[in-house]
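Enquirer: My structure is below; once you've seen it, I'll send some questions.
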C-alpha cells in the first residue's frame, strides 16, 4: 500500500518543475492581445528551437510513435489510451509492492531461497524431527530476520536510484521514453527474481526491478498530467492512488490462488506476473506521443502543436490549439527567465516562500511513508500468520480481503478530492490512522508465544487487531495517497 507511498517518494524526488495547464480551459482569444497570435508562436519557436542532443543516453529518448493502419490516435481515443496505459503503470507498481507479502511464509519459497527464512521453532521446514526440534535441517532456514528484511528493503533502494536517474536524465529522455526504458528494466529485474535459486540473485533482481519502478513512477504521473486538462488533474492523481491499491489487491489474490498448487510455481508465477502490466505499458507507449510540454521544452514546437491538436481533437490550425501551444511556450519562457535552476533557491524564503513550500512537501511525503502503511503492504500475509496467529490459508485470505478493502476505501476519496480539498482529507486520515494504530498496538501487546515459538493471541484480541488493521488501511486510503501532490 504505500502505496501511493513509494510512488509519492519517487515522483517527488524526480519531479520536473511544475507543469503549466497545457489543456486548460478557454483562455483569451489570440486576437485580443498582440502577444498571442500564431505568428508570434512561430517566431518565438524559431528563437527557442534547440538541436537534438547527441550520444547514446540522448538517443534513448528517440522512441518512435506507431500508428494504426498509418493513422495516429487522436481525440477522445487518444486521451483514453493515455489514461489506460498510465493506469496499467499504477497497477504495476501496486502489484510489485504487494506480491512478496504472502510469499515470505510460503514453504516452497523458503525451500528455494533458504537465506530468506530465519530459524524458528515453529517452522517445520527448519527441523528434521518437528515438533521435537532436536535435529536441525542445515540446508534450510539459513537466514535471520535481518537477511529477510534486507531482501525486502533493497527494492526501495532500487526505487530511489531509479528516481535519481530520472532526476538527471528524465528531461533528456522525455516522459514516454523514461517510462518505456524503466519498464524494460523492471522486466529484467522480474526475470532475475523469478529464476532465482539463491539469495544473491533474488536480491539483485529486487534492486534492478526497483530501479525500473523508480523510473516509471517518477514519470507516468507527470506525463499523464501534462496531457490532461487542469480540472482533471486532482481526480487523476487520486485515481492513481486507487489503482496502486488495486494492484496490491490483485497481488494478494494471485498469492492466495497459487497457494493451493504444488511446487515452485506457487511463488515463481506470482513474481513473474509482475511483467504482465509492464509489457502492456511498453507496447502501449509505442502508439502514444510524448507530452506537448516536453516537446515544446526541447524546441520541437511543430510536434508539440501536432500533439496538442490530437489531444484536443481539433485541426492543427484551430485557434484553441494555437492558444494551448502559446500558453505552454509562455509558461516555459517565464520559467527560464531567472536562468537555470539552482538548488539553493529551495533553501531561501523570500516573497515566494520557497523554503516553507519545500519543507511542507518533504514533511507530507515523509510522514506518508513512515506512518506504517509500508509495513502492512509488504508484510500483510506475514503479519496475519506470524503476529496474529492465523493459519497459512486464512492469513492469505485475510490479506486478499485486506487489499480489496484498501482499494474500495481509496475510491471514497475520488469524489471528495476537489470538494473538500487535500488538507481536510489529510487531517481526517491522520487522526483516524493514529487512533487505529493505538488500538492495534494495544491488542497485539497482549500476545505471547507457545513452546514452539508460534504466536499465541486470544481470539477476541486477534479479531480486534484484524478489524483495526482494516480500519487503518481505510483511513490511509482516504486521507493520504494522492494528497501530498500539488
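Glycine residues also receive a Cβ, built from the backbone N, Cα and C atoms like all the rest.
Grabbed the feature section from TrEMBL, which reads as follows:
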| type | residues | note |
| --- | --- | --- |
| COMPBIAS | 7-19 | compositional bias 'Low complexity' |
| COMPBIAS | 32-46 | compositional bias 'Polar residues' |
| DOMAIN | 82-486 | domain 'Major facilitator superfamily (MFS) profile' |
| REGION | 1-58 | region 'Disordered' |
| TRANSMEM | 77-95 | transmembrane segment |
| TRANSMEM | 149-168 | transmembrane segment |
| TRANSMEM | 235-254 | transmembrane segment |
| TRANSMEM | 269-288 | transmembrane segment |
| TRANSMEM | 359-379 | transmembrane segment |
| TRANSMEM | 399-418 | transmembrane segment |
| TRANSMEM | 425-449 | transmembrane segment |
| TRANSMEM | 461-479 | transmembrane segment |
Enquirer: Any idea what the model's mean pLDDT is for the domain 'Major facilitator superfamily (MFS) profile' (82-486)?
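Expert: Overall, the domain 'Major facilitator superfamily (MFS) profile' (82-486) comes to a mean pLDDT of 89.
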Enquirer: Could you name the stretch, out of 149-168, 235-254, 269-288, 359-379, 399-418, with the greatest number of CB pairs under 8 A to the transmembrane segment (425-449)?
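Expert: When the Cβ pairs under 8 Å are tallied, 359-379 comes out ahead.
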Enquirer: For the transmembrane segment (399-418), which recorded stretch in the set 149-168, 235-254, 359-379, 461-479 gives the largest number of Cβ pairs separated by under 8 Å?
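Expert: Ranked by Cβ pairs under 8 Å, first place goes to 235-254.
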Enquirer: Can you work out which residues elsewhere in the same chain, 6+ from the ends of the transmembrane segment (269-288), have a Cβ less than 8 Å from its Cβ atoms?
Expert: 63-68, 72-73, 78, 81-82, 84-85, 88-89, 91-92, 95-96, 99, 103, 176, 179-180, 183-184, 186-187, 190-191, 193-194, 209, 216, 247, 251, 254-255, 258
Enquirer: What residues in the same chain, six or more past the boundaries of the transmembrane segment (77-95), come closer than 8 Å to it by Cβ-Cβ distance?
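Expert: Apart from its flanks, the transmembrane segment (77-95) reaches 3, 6-7, 179, 183, 186, 213, 216-217, 220-221, 223-224, 227-228, 236, 239-240, 243-251, 273-274, 277-278, 280-281, 284-285, 287-289, 310-311, 313.
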